[in-house]
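Listed in TrEMBL:
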- 2-115: domain 'Dihydrodipicolinate reductase N-terminal' (DOMAIN)
- 119-254: domain 'Dihydrodipicolinate reductase C-terminal' (DOMAIN)
- His146: active site, proton donor/acceptor (ACT_SITE)
- His147, Gly156, Thr157: (S)-2,3,4,5-tetrahydrodipicolinate binding site (BINDING)
- Lys150: active site, proton donor (ACT_SITE)
Amino acid sequence: MIRTVITGVTGRMGGTLLRLVRESRDLELVGATSRQPTRLETLGVSGGEDLGRVLDTARAQVVIDFTSAEASVVHARQCAERGVAMVIGSTGFTPETRAEVASSAKSIPVVLAPNTSVGVNVVIRMAAELARVLGEGYDVEVLEAHHRMKKDAPSGTALKLAEVLASALGRSQEDLTFARHGQIGARPKQEIGVQTLRGGDVVGEHTVYYFGEGERIELTHRATNRDQFGLGALRAARWVTGRSPGLYDMADVLGFQRSS
Ligand SMILES: NC(=O)C1=CN([C@@H]2O[C@H](COP(=O)(O)OP(=O)(O)OC[C@H]3O[C@@H](n4cnc5c(N)ncnc54)[C@H](OP(=O)(O)O)[C@@H]3O)[C@@H](O)[C@H]2O)C=CC1
Ligand SMILES: O=C(O)C1=N[C@H](C(=O)O)C[C@H](O)C1
């Protein structure tokens with residue numbers, strides 16, 4: 001059994017992960033964190049507010065962390081100090097906070113993935129391949145929609161899609177456009193637009209549009225509940241436990257070749 005700690009267990013993903021770990025045959029929950037520690041007892045979970053303290057007693061092998069970028073930076077440091085592997089699903093990283101996680105990953109294995117659903121990761125791969133095959137004759141745009149409680153925008157997945165599309169098309173970060181308003185003029189050929197919708201209880205939807213002359217291709221993934229994110233995170237936890245230190249992503253977990 002893989003000795004597992006869940007951070008932010010009282011969150012949306014935390015609750016999903018708690019159920020899935022309990023249902024699994026090979027992961028054992030040995031602790032959890034919450035900023036509302038009184039709720040842990042109700043959930044029948046041992047733990048507290050501070051991950052460092054939880055790890056000092058739990059003898060954990062892996063921490064699954066879906067909290068926030070800022071919290072994940074701290075959690076990664078705490079795991080690195082104790083030699084505990086990590087799966088980080090939080091989004092909203094800046095280049096600086098990502099670099100801090102990379103620094104922790106010099107001493108522990110960390111899977112950092114803005115989307116742990118296997119389906120989304122297949123779509124990310126297909127999106128890059130489609131862009132490569134279609135080439136320059138198509139205007140590429142990414143649209144994402146999420147629930148009204150989501151704090152970061154665009155989603156980590158949309159940013160990842162934009163990154164792999166830019167790489168596939170030989171474009172740079174400067175070609176990404178995150179909003180349009182006013183007298184913007186004709187669309188620059190090189191542009192990759194990334195747009196955000198927020199509302200209701202949308203779990204997570206991503207579409208890549210390839211607008212051509214006289215046709216349009218749309219590649220869409222729609223999550224209708226959070227289970228696939230959770231199941232992918234458990235898969236990543238099994239994969240990362242016992243690995244060499246390093247910063248990994250879902251492409252590594254799924255054994256994709258490094259072409260995108
Ligand atoms: N990789 C993937 O596949 C997916 C990634 N996500 C990402 O995971 C993260 C969590 O999403 P979701 O579960 O919907 O969000 P929630 O707000 O429901 O849960 C986040 C949890 O983390 C805790 N938390 C937040 N900030 C801190 C902090 N600074 N210190 C300690 N604990 C903290 C929250 O505590 P409190 O309740 O007290 O606020 C809460 O328990 C987001 O970044 C989201 O984008 C989400 C779904 C899938
Ligand atoms: O916050 C969410 O809910 C989600 N966040 C992830 C992201 O930012 O890409 C993944 C998923 O779509 C749900």
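Every residue, even glycine, has its Cβ placed from backbone N, Cα and C.
Of all the recorded positions listed here (His146, His147, Lys150), the one with the fewest other CB atoms within 10 A of its own CB is His147. The most crowded of the binding-site residues listed here (Gly156, Thr157) is Thr157, judged by how many other CB atoms sit within 10 Å of its own CB. Taken through DSSP, the domain 'Dihydrodipicolinate reductase N-terminal' (2-115) splits into 50 helix, 27 strand, 37 coil. The residues near the (S)-2,3,4,5-tetrahydrodipicolinate site, meaning same-chain residues not in His147, Gly156, Thr157 whose C-beta sits within 8 angstroms of the mean position of the site's C-beta atoms, are Thr91, Pro114, Asn115, Glu144, His146, Lys150, Asp152, Ser155, Ala158, Gly204, His206, in sequence order.
Under the DSSP three-state reduction, Thr157 ((S)-2,3,4,5-tetrahydrodipicolinate binding site) is assigned to helix. Looking at Gly156 ((S)-2,3,4,5-tetrahydrodipicolinate binding site) and His146 (active site, proton donor/acceptor), their Cα atoms lie 11 Å from each other. Taking DSSP states H, G and I as helix and E and B as strand, the domain 'Dihydrodipicolinate reductase C-terminal' (119-254) has 53 helix, 36 strand, 47 coil. The residue listed as 'active site, proton donor' and Thr157 ((S)-2,3,4,5-tetrahydrodipicolinate binding site) have their C-alpha atoms 13 Å apart, to the nearest angstrom.
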